[in-house]
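Undergrad: Per TrEMBL, the feature region 'Disordered' maps to B:1-21. Taken from TrEMBL, the feature transmembrane segment covers B:27-53, B:90-115, B:127-150, B:170-195, B:237-260, B:280-304. Annotated domain 'ABC transmembrane type-1' per TrEMBL: B:91-303, in sequence order.
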Amino acid sequence: MHRPARFAATLAAVAALLVVTACSPTPEGPESKTLKVIYQKSDSFTALDEVLQEAKKEFEAAYGGVTVELQPIQANDDDYGTKLALAQRSEDTAPDVFYEDTFKVRSDVDAGYLLKLDGYLQNWDDWSQFNEGAKAAGRGDDGGIYAVPLGTDTRAIWYNKTVLQKAGILVPWQPTTWDEILDAARKMKAADPTLIPFNMYAGKGTGEGTVMQSFYELLYGTGSTLYDENEKKWVVGSQGFTDSLAFLKTLYDEQLAVTPAEALDSNVWKRVFGEWLPQGKMGATVEGSYTPSFWQKGGIYEWAGYTQDMGVARFPTQKGQAPGGVSMSGGWTLAVGAKSKDPELAFNYLATAVSKKNALAFDINNSQIAVRKDVAAEPSYQAANPFVKDVSELVAVTHYRPATADYPRISTAVQVATESVITGQQSPADAAAEYDRTVEKLVGAAKVLKK
Amino acid sequence: MASPSALPRAGEGGRPRRRPRSAVQRGLRMLPVVPSIVLLLLFLLAPVLWSFYASFTDASLSGRGARDPQWTGLDNYARMLGDSSFPLSAWLTLVFVVASAILGQNLLGLVIALLMTRARGPVSSVVGIAVVASWVLPEIVAAFAAYAWFSKDGTLNQLLAPVGAGGTNWLYSFPLMAIVLANIWRGTAFSMLVYRAALAEVPQDISEAALVDGARGWQRLLFVTVPLIRSSIATNLMLITLQTLAVFTLIWVMTAGGPANASTTLPVLAYQEAFKFGDIGYGTAIASVLILIGVVFGAAYVWLLREKRP
C-alpha cells in the first residue's frame, strides 16, 4: 500500500502549494502593518511614482513598524482603470490607497470601492488649503467627499511659433472663431504642403484624448452640451454636435490634420510631442496643460527650445460667442479603499502624499495646475514653465465631463462618431444620428433630451 | 522502402494478458490523474461556469453592478440582437475562422506536408524549420512580428516600394485580410505537423496498387490518401478551429479590432465590453456565445468523423 500513501503525499503537497500561493502576502504580526498603494506609472509618467516613494520614506520614518507597499501598474489610462477595478473586486488585492481618475469617482463610489473621508478631513488642517472647485472633484452623489485631488488640468491650443510665422501668421496667435483656425491652417498648408497644420484627435484609438482634447472643445463652444446637469439627461439631436463633426471632417478632408490612419493609432500623441511639434512639422494641436511635462528636463521628449518656440492659445468658441473660449478639465485624485483594514493609517499616508511639499513636486514635475492655494502661491510653481499662467487662467472657461457611471460608454459613442466621419464612412449628420440612437439605446429614452 | 507502420509492430501481441482487477484497484489506478482533474475543474470549468452565470446578471467593474449584481435573465442576450456590433462581429469571426483556419492553415498545411514527403532531406528540413519557427514564437512576439510586417512603414511596404507598390496601410485598409494572413502564417505549422504524422502512417503499398491501376496523382490523393487520413483531418480541423476562434493577442496587437470595428472578432468584442466598458455581464454573454459556437463546430466535426467511418 505504498502507492496510495505517495499519492496522498503528492496531493497534500499540491494542496499546500495552492494554499501558499493563494495567500502570498504573509500575515503580519500585531506590530507590523502593511499599506498597499496602487497607482499608475509609465515611461512617460513617473512624477507620481517619485512623489509616492518620497511619501513612503517620510511615512515609514514617522510610523514605526508600518510598511508601505507600492504597487505601480504599468498601463495607459484605460487599462489602468480596468486593472484597478479588477484589484478592487477581491479583499485580498484591494488597495488601501489608490490613484483615481476624477471622472470615475462617482461610479466607483457607487460600486463601493471608495471610503467616505468626511470624518478624517474634518481633523485635517491642510484640507482648507484646497480650492473649492477642486474639492468638488472628489464628491460622491451623496455629497460626501471620497477623494483628495492631486492636481487638475486644462486644454489649450499649443502652436509652434516658427511654423506659424513662416506662413505669415502673426504671433502671439489667438483665433477667435473656428473659421480663423481653418484660415490659419490653410495658410500653413499653402506655405508648406508637407506640414500638418492643425491637429485634433479623432477616433477610438486615442480614447479619452479624442473627446477631452478635441471633440468637447468643439461641442462646448457651440452652446450645446453633452449632458444636462440640471435635468440629468443626455443631450441628443443638437446642431452643435453635427457642426463639431463637420469641423473635424473639414480638418481631415483638407488634410489639415494627420491622416485618418495616423489618427486611429493609439500612439499618435507620441509623435505629436516627440517628432512633429519639436521638428516643426506640425503647426498646432489641442493638448493638455501637462504638455510641458514631456519637454522639460527629465521628460520623455526633452526639448529645451519649447519655451521659446511654443505658444499657447485659448480654443475659441464656434462663432466667437461668450465666454470667448473653451477648455476641458480632468485631473486625478488619491482615495482610500473601502476594504482597507486600517483606514485611519491609510488616510494618514494619503495626507502625507498630498502635503504641500509633495503636491508641489508633483504639480511641477507633471505640469499640473495646483489645487492647493499654498502650492499655487509658490514662486517655484509659477516659474515651472512659461505657460503656467496661461493654462491656469483657462480654469475660468473650463468644463468637466459628466461623472456618471454610463459616461465611458457615451464617450465611446462620441469617439465612434468622430471615427466614422474622418474615415468617410458616414456624413456628419448620419454619424450624429447614429450617436443619438446609440445614446438612447444605452441610457433609455427617458434619460435623453432633444435640443 | 516500406513505411514503418506497414511492418508488424514490435511488442504487439507479446503483451502479457491482463488479470482481472478489483474495483478498488481500478480506483487506485485513477489516482494519478486526480490532481490534474481537480486543477482542470478548478481553473477551467469553474471560470466557464462562473462566466456563464455572470452572463445572466448586470455585473460590472464599476457602478452599482459592481457592488450588488442583479439577476437580469436573458437581457444581455436580448441586447446582442439589437446591438449592431454583435452580428458584424459574429460574421467577422466566421470569416476569420473559415479563411484562416479551415481553408488557410488546413489546406496549406496539407500541401506542405505532401510536398515534404517528396522533397529531399535538406529541403524538407529547411521548409519544416521555416514553418515551425512562426509556431514556436510566443503569441505576443508573433503578433509584433506580424504588425512589423504589415504596418505602414513595415517590411512588406519596404519590399514593395522598389516596384512602386508601397505606401498601402494594410492594417488600416485591409485589416481582416492582414489578420487572416497573419493567423495562417502563425498556425500552418500545426496542421503541417499533424498531416506529416498522418501521411507517414499511410501504407505505401495501397498507393502503389492505385498507381498500377492507373490512378493519377490527384486521384490517388483524393481517393486513397485523403480517406485514409480522414480522422487526422477531422481532429486537426477541430483543434485549429477552436484555436482560431480564441485568437485574441494577434488581433489586439495588430489592429485592436479597428478601424471602426472592421476586425473586431468575438473575443475582441467580449474583451472590449467586459474590460473597456466594465460591462462584465454583457462581455461574459458574448463569451458564452463564443463557447457555444465552439461547441457547434466541435460537434460538427465529431459527427463528420463518425458518419464516414465504415
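For all residues, glycine too, the Cβ spot is worked out from N, Cα and C.
Heads up, TrEMBL stuff is auto-annotated, nobody curated it.
Here the structure is a predicted model, which means the values were calculated and not measured.
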Undergrad: Residues of the same chain, at least six outside the transmembrane segment (B:90-115), with any C-beta under 8 angstroms of its C-beta?
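TA: Same-chain contacts beyond the ends: 127, 131, 176, 179-181, 183-184, 187-196, 198-199, 221, 225, 233, 236-237, 240-241, 243-245, 247, 262-266, 289-290, 293, 297.
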Undergrad: So, does the transmembrane segment (B:27-53) come close enough to the transmembrane segment (B:237-260) to give 3+ Cβ pairs below 8 Å, pairs being at least 6 apart in sequence?
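TA: The transmembrane segment (B:27-53) and the transmembrane segment (B:237-260): touching, no.
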Undergrad: If we call contact 3 or more Cβ pairs under 8 Å (sequence gap 6 or more), are the transmembrane segment (B:27-53) and the transmembrane segment (B:170-195) touching?
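TA: Per Cβ check, the transmembrane segment (B:27-53) does not touch the transmembrane segment (B:170-195).
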Undergrad: Which sequence positions outside the transmembrane segment (B:127-150), separated from its termini by at least 6 residues, show Cβ-Cβ distances below 8 Å to it?
TA: 112, 115-116, 119, 156, 170-171, 178, 181-182, 185-190, 192-193, 249-250, 252-254
